[in-house]
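Scroll down for the structure; my scribbles are underneath it.
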């Protein structure tokens, strides 16, 4: 799909980590890194644990990259909380509007899609208690019933703390009727559907891993209006490098009248810079190019189909083709391990195994995946810090990029 799109995601980050914004364990550095690397447009954050003071810290450090809006739970100001994080490189942030529906639990964001048509997103962090969870969905429905001037959500996402189907829990079991029915009524009222389940009707996959018991569930979800669902694709559940027991849920949203865009300029993966076979190939081709260019200069014979420019283009085309070929073969060790573990996890969850065996095996693989993603995130941040120390105070392309007005 080459239509212009916005990527909408949801993640429960389980708090700030270290409250010092400059500390390596502060999670907002990881949030910024994840949004940049994965090109997330809008992220719904559960358990944001934000305050005005913490927001000021985030804005001081990430003002050029992120726009953050949040709702705080007045009963537990240092816990709970729901937020939206907007990537300034990918979405407009100057004309957004927010409506607090339930403080710290439900926040409505009104913005615009790529085609400038309105887009309304409801971010939720639902209570864990069954009784409170049931009341939560009823309260949201009552709000929209009585506030007809507020645009109803095109998208609703976040940590719902309830599942609608036993398939979404490991070990499999149904949730209490009260919250399930209340959520179902809200979905019917707002005409929402579970996009991931519509796309993967029989797949077992989970977004929350309870470390103490090994149990897993798909409590983090994104719902969309039924007519909007036709404009979505790439519904996904993935592990990120942020220390949390939840996984990222995501999808891409486009629209029929948005312009078609190209695939962009192909860029060599960074790890190929150290590939000996590729470096040897470029060296040999470079020597041959030098010889051919010297011969052309001596002869003074220039033809339209054979000259310095065509020879140089042939050289570039050959090394790009070789680089593409090597990129499919040479994969960083950590990326290879992650890919293998993800494939193994998919197989385990899909197999017809006893729940306890699936739970144990799934828990082990999920924990390994989380640690690998966190390590990759740490390594990327260290590389970024080194680059910033080397070039951050030097007039260069890198300096221009990090100081560009957004």
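FYI, residue positions are counted from 1 along the chain as it appears here.
Cβ from N, Cα, C; glycine included.
Noted in TrEMBL for the protein shown:
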type	residues	note
DOMAIN	42-238	domain 'Endonuclease/exonuclease/phosphatase'
ACT_SITE	125	active site
ACT_SITE	159	active site, proton donor/acceptor
SITE	161	site 'Transition state stabilizer'
SITE	220	site 'Important for catalytic activity'
SITE	246	site 'Interaction with DNA substrate'
ACT_SITE	246	active site, proton acceptor
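Here the features listed in TrEMBL are painted onto the structure.
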residue	record	Cβ neighbours (10 Å)
125	active site	27
159	active site, proton donor/acceptor	26
161	site 'Transition state stabilizer'	23
220	site 'Important for catalytic activity'	25
246	site 'Interaction with DNA substrate'	23
Top Cα neighbour of residue 220 (site 'Important for catalytic activity') in the set of recorded positions 159, 161, 246: 159
Cα distance (Å, whole number) from residue 125 (active site) to the residue listed as 'active site, proton donor/acceptor': 5
